[in-house]
């Protein structure tokens, strides 16, 4: 049957909305056709039509918001957007006069295909043999289900004008066709009517109903230029959608890029030049920042497997006046770049990251794949140089943060549950995976720092060659016993003998007071320190030197966390034989560090001896390492009690003789070596009762006992002043 049933109009609701930007069309065309290099197909008439030049209807009076639309922008409006039903019928019948004239209504001859074809449907989808049937089709299947906005109707369109995905080389990928609407403001093509209503509503909320917005959209280029840390990059229009773009760029990862830059800047002070690799370049912004700000101190290699990303990286290099080296040959495009000492050469490669890391050796490797990075760890440690640095950014937070526990077991081979310290647990899982990969290559690691924020988990380690270092690293991977009632935790004791009652290792007595099994075994995890204080202080100095103000608060928090010292009690004294830079009460060492002698060592034999001495020194300094994990003060607050301020509680814990500091993992977390029982007792001691809540529930203790009421009467301010702490 040639005619289309009227009930088959509604679009498939499973199709997603796609947005396109119209491009200028020739002035002579009655219906605008976009340029060939855009991601937009035109709205053609049927193939058999001779496509005569139809005279447009007289322009109706525009609404107040669209009254100032210029004629050029008005001509670019899609044919499915009309003000009256008569205007839509004029497109179908092709008459300049009234569509109700006898000449148009009585043209029931099937041979006149131009007057019997719907302008919004392809010929193979609908053909009418009478003008009455065509008018009924336009009214019922296009006009009645349209979306109205300020006097205009956005009718449903069945033409092959859905956008296609463009590429840099000009290729186009076809997309699934279907019924859709054209937005009158931004020319977006959206499949569902409800989505179109919400789309227009968002335009109204943003105030994007003026004609200048239409003109700005048409003049918008295909690629956008962004700037971050004095580095310009060119990105695709859909750069923020990793599933739909060839080169993903996430502005929320700015903190990650800055802290990695500080890491490389601190490493560049040790030896020059450094062979650096950004294994997953995408837009190349990270490698561009290295080469632009560190100059000749680094030799940057940016790699990506996608051909379009490699082309974009090369464009971004020339945009920042950096020379591109492809296959060890300088690539010259256009005018010769000026010879500036601050500009460096960037080698751009296109190959699998595992292959590249097997072929070449580097001093600094950064891995930032889409998802987990465990598939690239073996290759990274295979050829990395001694005392080099490997940084790993993991964005599979659903598995690391215990939302997809089966994925964590599959990728990292560990058992994990959601705990109050889940972010540090995620960091220790990644470090354990890195340590196992290094040990398989007869290498050990020294963790410089580990950061776990909302969008990523970043781990930076230094590589120590030799089987001795590998064995020492492997011993630091242990299982964790976690109590599910009170959330007390402790690493299992070393040894291979099976313990009769593993619950005795926990400081709590929940197993004796609670029925059933109360604890679970998590891991394997990294059980040693997560921070190197000396390296973090050098990173802080580099951040101050390069003016990276956004990252300085995080690095300061990491320094206090590594020393497990409150910020108000941080040590301001340092040996006189070191060069120091003071910043907010913290002395930053610039030439002295625990491993600074190793960096200046020349020769493989001497550096290996220095690495062994470093391992021995780390073993003696194990007692001064920060305590593992932290407690959330809100998680352990007492019902019916007002807990003290966080800074005041830190002072109280320090007064009781415990090491204490805040943590970047949790804004309300406290890292301390106090057991949970002592933590709760001190929290109870300095909490004040909520009298209304306590009286209503009958929880007010008797006055004769030494309870919370008696403890509150103690002068907290006097004790704080006696210990040198200020009351907040």
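Just so you know, glycine gets a Cβ as well, placed from its N, Cα and C.
Per Swiss-Prot, the feature S-adenosyl-L-methionine binding site maps to 257, 304, 352, 353. Less than 8 angstroms from the CB of residue 304 (S-adenosyl-L-methionine binding site) sit 280, 281, 282, 284, 310, 313, 350, each of them six or more residues away in the same chain. Residue 304 (S-adenosyl-L-methionine binding site) falls within neither a helix nor a strand when secondary structure is assigned with DSSP, and so counts as coil.
Other Cβ atoms within 10 Å of the Cβ of residue 486 (Zn(2+) binding site) number 17 in total over all chains. The DSSP secondary structure for residue 486 (Zn(2+) binding site) is coil. Per Swiss-Prot, Zn(2+) binding site is recorded for 483, 486, 508, 510, and the stated evidence type is similarity to another entry.
Under the heading compositional bias 'Acidic residues', Swiss-Prot lists 1-10.
Per Swiss-Prot, compositional bias 'Pro residues' is recorded for 23-33 (among others).
Among the features that Swiss-Prot reports, compositional bias 'Low complexity' is placed at 34-46.
The compositional bias 'Pro residues' annotation in Swiss-Prot covers 47-61 (among others).
Sequence annotations record features per position, and here Swiss-Prot assigns compositional bias 'Polar residues' to 101-118.
Residues annotated as compositional bias 'Basic and acidic residues' in Swiss-Prot: 708-721.
The SUMO2 cross-link annotation in Swiss-Prot covers 580.
The phosphothreonine annotation in Swiss-Prot covers 23.
Under the heading phosphoserine, Swiss-Prot lists 63 (among others), citing similarity to another entry as support.
Taken from Swiss-Prot, the feature phosphoserine covers 607 (among others).
Taken from Swiss-Prot, the feature region 'Disordered' covers 1-78 (among others).
Here Swiss-Prot flags 98-118 (among others) as region 'Disordered'.
Taken from Swiss-Prot, the feature region 'Disordered' covers 693-728 (among others).
The DSSP breakdown of the motif 'Nucleolar localization signal' (132-136) into helical (H, G, I), extended (E, B) and coil residues amounts to 5 helix, 0 strand, 0 coil. Feature annotation from Swiss-Prot assigns motif 'Nucleolar localization signal' to 132-136.
For residue 352 (S-adenosyl-L-methionine binding site), the same-chain residues 6+ apart in sequence whose C-beta sits under 8 angstroms from its C-beta are 305. Per-residue confidence over the zinc finger (181-203) averages out at a pLDDT of 85. In this structure, the C-alpha atom of residue 486 (Zn(2+) binding site) lies 38 angstrom from that of residue 257 (S-adenosyl-L-methionine binding site). Reported as a whole number, the C-alpha separation between residue 483 (Zn(2+) binding site) and residue 257 (S-adenosyl-L-methionine binding site) equals 37 Å. Rounded to a whole number, the C-alpha distance linking residue 353 (S-adenosyl-L-methionine binding site) with residue 508 (Zn(2+) binding site) is 47 angstrom.
In this structure, the binding-site residues under consideration are 353, 483, 508, 510, and the one with the smallest number of other Cβ atoms within 10 Å of its Cβ is 510.
Here the C-alpha separation of residue 510 (Zn(2+) binding site) and residue 257 (S-adenosyl-L-methionine binding site) works out to 44 Å.
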